[in-house]
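According to TrEMBL, the protein has these features:
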| type | residues | note |
| --- | --- | --- |
| TRANSMEM | B:31-53 | transmembrane segment |
| TRANSMEM | B:65-86 | transmembrane segment |
| TRANSMEM | B:106-127 | transmembrane segment |
| TRANSMEM | B:134-154 | transmembrane segment |
| TRANSMEM | B:190-215 | transmembrane segment |
| TRANSMEM | B:236-255 | transmembrane segment |
| TRANSMEM | B:267-284 | transmembrane segment |
| TRANSMEM | B:291-310 | transmembrane segment |
| TRANSMEM | B:316-336 | transmembrane segment |
Amino acid sequence: MSPEAPGADNAPLLVLDGVTKSFGAVAALRGVHLALHPGEAHALVGENGAGKSTLVKTLAGAHTPDTGRMALDGRPLELRGPADARAAGIAVIYQEPTLFPDLSVAENIFMGRQPLRGLRRIDTTAMNRDAERLFERLGVRIDPTRPARGLSIADQQLVEIAKALSFDARILVMDEPTAALSGVEVERLFGVARSLCERGAAVLFISHRFDEVFDLCQRITVLRDGAWVSTDRTADLTVDEVVRRMVGRDVSSLYPKQDAPVRGTLLEVSGLSRAGVFSDVSFTVRGGEIVALAGLVGAGRSEVARAVFGVDRYDAGEVRVAGRPLPPGSPRRAIAAGLALVPEDRRQQGLVMELSVERNATLARRRALSRLGLLIGGAERAEAQRWTRRLQVKASRLTAPVGTLSGGNQQKVVLAKWLATEPRILIIDEPTRGIDVGTKAEVHRLLSELANEGLAILMISSELPEVLGMADRVLVMHEGRVVRELSRAEADETSVMLAATGQGATA
Amino acid sequence: MAHDSLYAAPSSSSAETERRTGRLTGLRGVLGSWDVAVVVALVVAALLAGVSVESFATGRNVQFLLLDLVPLAMLALPMTLIVITGEIDLSVASTVGLCSTVMGQLWLSSGLSLELICVLVVLLGAVLGAVNGVFVTGFGLPSLAVTIGTLALYRGLSFVVLGDQAVADFPASWTAAAVRDIPGTSIPVAVLPVLLLALVFGVVLHATAAGRALYAMGNNDQAATFAGVSVARTKFWLFVASGAVCGLVGIFWTLRYASARGDNATGLELTVVTAVLLGGVSIFGGRGGLLGVVAGVLLLGVLRNALQLADVDANALTIVTGALLVASVVLPNAVADVRARLHRRRQRANPVAP
Amino acid sequence: MSLTDTGTPHRRTGNPPTGAGRHRRGLTERLLAVRELSLLLALGALILVTTLRNDRFLSGQSVKDLLLGCAILVILAVGQTLVIVTRNVDLSVGSILGLVAFATGSLFLAAPGTPWPVAVLLGVALGAGCGAVNGGLIAVAKVPALVITLGTLYAFRGIDYYWASGRQINAADMPRSFLRLGNQTVLGVPLLFLAAVVVVAVVGYYLRSYRSGRELYAIGSEPAAARLSGIPVGRRVFAVFVANGALAGLAGVLYAARFGTLDAAAGTGLELQVVAAAVVGGVAIFGGSGSAYGAALGAVLLTTIGSSLAVLRIDPFWQQAVVGALILAAIGLDRLLALRMAARLRGRSAHGA
């Protein structure tokens, strides 16, 4: 627990001391400490919702801290906006790319700093040339004159990286930049990061990939629930130790999966295909069973779930619910047939943030709750009360906008909404993304209970421990296909990862 | 559609949601709710006008006031629902115009009975609305641009139908019926169908599953889709309903003024949108209610009527319309800002206190 | 610890900018050029068809009338482009034009000796002031420009009526030198049109070649990203409304010079025509793309349709209907282009190098 630099002789470039930031009732950061030294690559790790992204936005000048100090080169640093952060030499690569879809790639890179010629006009030729050079340095080929609209996530990320490189940042913050990159691209990115460090810049690297963290970084800072936990040299740490600090308790207690009696087949997907997204996906889920759909980001898992539920159309194949074919393209019919889908993106797909807890919890049941077509007499209130109580949703009142709740409680409202429809089949996409550890365990216990009650559960998860801890069977997807089916006994980190990366596809 | 709300910067950050919701609750604290505020403003305006403007509270004036408000009130009903879903329909006045001229042309040259013509005109309105609906939901085009297009198109067609002619020889029994009072009162009969329609739209919006879906899709159409709402289909039918109501208004307008002309109801679309926004419906979609809109329509009518009686030039009255609209959006935010600032000051003062 | 841990399958994207066949103009710009070219073609076809029917359509007087007729709409459409590009809209331009036109007339009534450049400057300043009111209210209220400018559409018009209180200003009340602005020609081209051309050139070049101009597109394309990249969004949007107000003011002065007879109703309903011209000209109603040149072409096309119909002996009552159909066709075309572009770019990503 000694937050000191590799070469303790050099003074820190950037210091954060006791920084706090709250949104309404939710404390996103509570007293975070961080010191970045020149030439250092520093990792910031923590679970989803630990406050990493808020910290990044604070460094970027997008959030102003409520209390605490920041200092650059020993002088107090106050960031009143992103422009200030830029002026201070802080470049940020966000988790989600922030590009202008209508503008060309080169303009995206140089917005506000375009090379000029006479009369302060933009020198387009020079700008495109400079952009090309940046891409050469990164070893990729992207046409700088094409619009950013339609770039793949990986290419968008590369444009962001080129943007950060273009202004010779002294501090480069990378918020999970590698999630969509291939191995070669990651290596190149690390090469660039190391060369920046050699020139005296500092890199703050945020990632879930421990191999990369241990490969690139000299020190690791752990955050948990918005609070600073520790800062240590990488050499003094092991992966297990870091995980223990991130989670704050014994990992096994998080996955209280009980064995449930398995019943008949409820969901049967056969030969499902959608051009360019997934092809020939077949599987079954039985009552009482939790089946995990594992795979890398972009393998097509969420897309399969969306197609099964009817949000997206599919080109070929069939979905059967309890033996009966489910017509494609209609979430309404899917709900009527007993399907429920807890989507991966809570803010955009799961909830209507501006509406109240009550309205959100009963949105999918609005028809069933009507009497003679009318929704009056407190039917919604009673229903919402029943489910929020059962799931122990902590909300000041049922009429509070759901956006004011914490991430964990929001997720419970989504679950309440879908459990209220009394589904037979629950598809749940990233059940615990961005929620605190306590709620995580509650959600897992609930899933286990539901399976016990006879529900068929299809769980999509990018958290390997969650997959291994909760699933009765694991289906592994790779590039749009189900490449492997593993029983609970067969599934372990190695077998799932091998299949997910397309290496162990012997099934 | 990529942009489901008009000129809304989609708020994705939690801070933004926090700010918006915080603002809403702050406003509630001050005014109860916007609906109540508009109703109170309406009552105050009516009382003041009754006391200070001599001829305001007379039966004859009330009759004129209400008759004048019938088209505005009717058009505001479907517009409220459309704006709540995050869309807009600027073609309503032109649709009224086209329905009116077609009614005139049919009466002039088809020999059909007026009853049948009225049915056909309402159907025509529904079809014109369906055209909007197809462009918006079928082709995924922004409703603002589409309905500016059909605003011009339908108005143009209404001139094509009748040129600069007017058809005026409607049977006197019909034109008199349009302005007749409920026996024993000075309230026009035409108010009754408006009330009925308002009741229907109010119930649909506030007490049915479909109404819940409208609010959900206005705030977040993706989340609504995931909850089993057919967003495109619902919006399509709203545009059809809007068109059908335009057909009704076209009939009323024609009979009330006993004249079918190409320029009937020109420019009314902006007044309708004003009334809806004044009634507390958010142009971003997802927020507002029908009570507020009805009060907004009446408030607009009362103010304009009273000032007109007080000899203010009718055209200059648009200052009132504009000022009301601007105030209705600027004031709540200003109040919430001031409250937030006071709150922060109190917070800063608090830690010092024991 | 998470399955995101390993990279996605290897992907390689983009159009390799090969040395030999390299295009001087980039893809993004070419897309815009295609859109403007389609407008020019439509305009050319319209003129051709009309001239074939009646060769007097291209006679000096008829062309002069045409150019005179479209100048004011062009100026307004260019100003509106500035606003729409930032994902805003200004519905009050017709009212600002009316107010400034009447103010200009009143100025000459009160001080007949005012030199015309002073009148132009004052008109532009008044317009800019109105624009500043719009911009200021939008900044304070943090509500969409659509709502605020709908309000000021009524308010400015109301002030105009209140001020005029039924009066009308006639050409006789204004100095000859000023009225000459409205119909004088230079080498056969009306001065009014030249003014519009200058406005188009300046704004068009600014939007394309200056940092702050490009920032307007960035704001309209993705407001949140614009904020994150340090663009002063509030200040830029305010400036855009002031500039649009100033241009509407200029249009108001020119309106006064051209028509001479002024009442408080001048320019009523013009706002929707202006937005229509911009949309027909390829300015995306939700911001981020379009050019001043396109909007100007849109305005010229809309005006030309009016004149052509008369020559083609089509009932003039069809004019507005044609304009409406044109708007629908234009936004439909934009949508189609965007979809095809997306398909093309996707195809490229899939094949790769």
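Note that Cβ sites are derived from N, Cα and C of the backbone, with glycine treated the same way.
Proximity of the transmembrane segment (B:316-336) to the transmembrane segment (B:267-284) is established through 3 or more Cβ-Cβ distances under 8 Å for residue pairs spaced 6 or more apart. Sequence-distant contacts of the transmembrane segment (B:236-255) (same chain, at least 6 residues past either end, Cβ-Cβ under 8 Å): 70-71, 74-75, 77-79, 81-82, 85, 87, 89, 92, 95-100, 102-104, 118, 121-130, 132-134, 136-138, 170, 174-175, 177-178, 190, 193, 197, 214, 264-265. Contact counts against the transmembrane segment (B:190-215), taken as Cβ pairs under 8 Å, peak for B:65-86 among the stretches B:31-53, B:65-86, B:134-154, B:267-284. Note on the transmembrane segment (B:291-310): residues 34-35, 38-39, 41-42, 45-46, 48-49, 52-56, 61, 64-65, 68-69, 72-73, 76-77, 80, 198, 202, 271, 274-281, 317, 320-321, 324 of its chain, located 6 or more positions outside it, place their CB under 8 angstroms from a CB of the stretch.
Non-local neighbours of the transmembrane segment (B:134-154) in the same chain are 1, 3, 6, 82, 87-91, 93-95, 97-98, 128, 232-233, 235-236, 239, 269; each lies 6+ residues outside the stretch with a CB under 8 Å from one of its CB atoms.
When the stretches B:31-53, B:106-127, B:267-284 are ranked by Cβ pairs under 8 Å to the transmembrane segment (B:65-86), first place goes to B:267-284.
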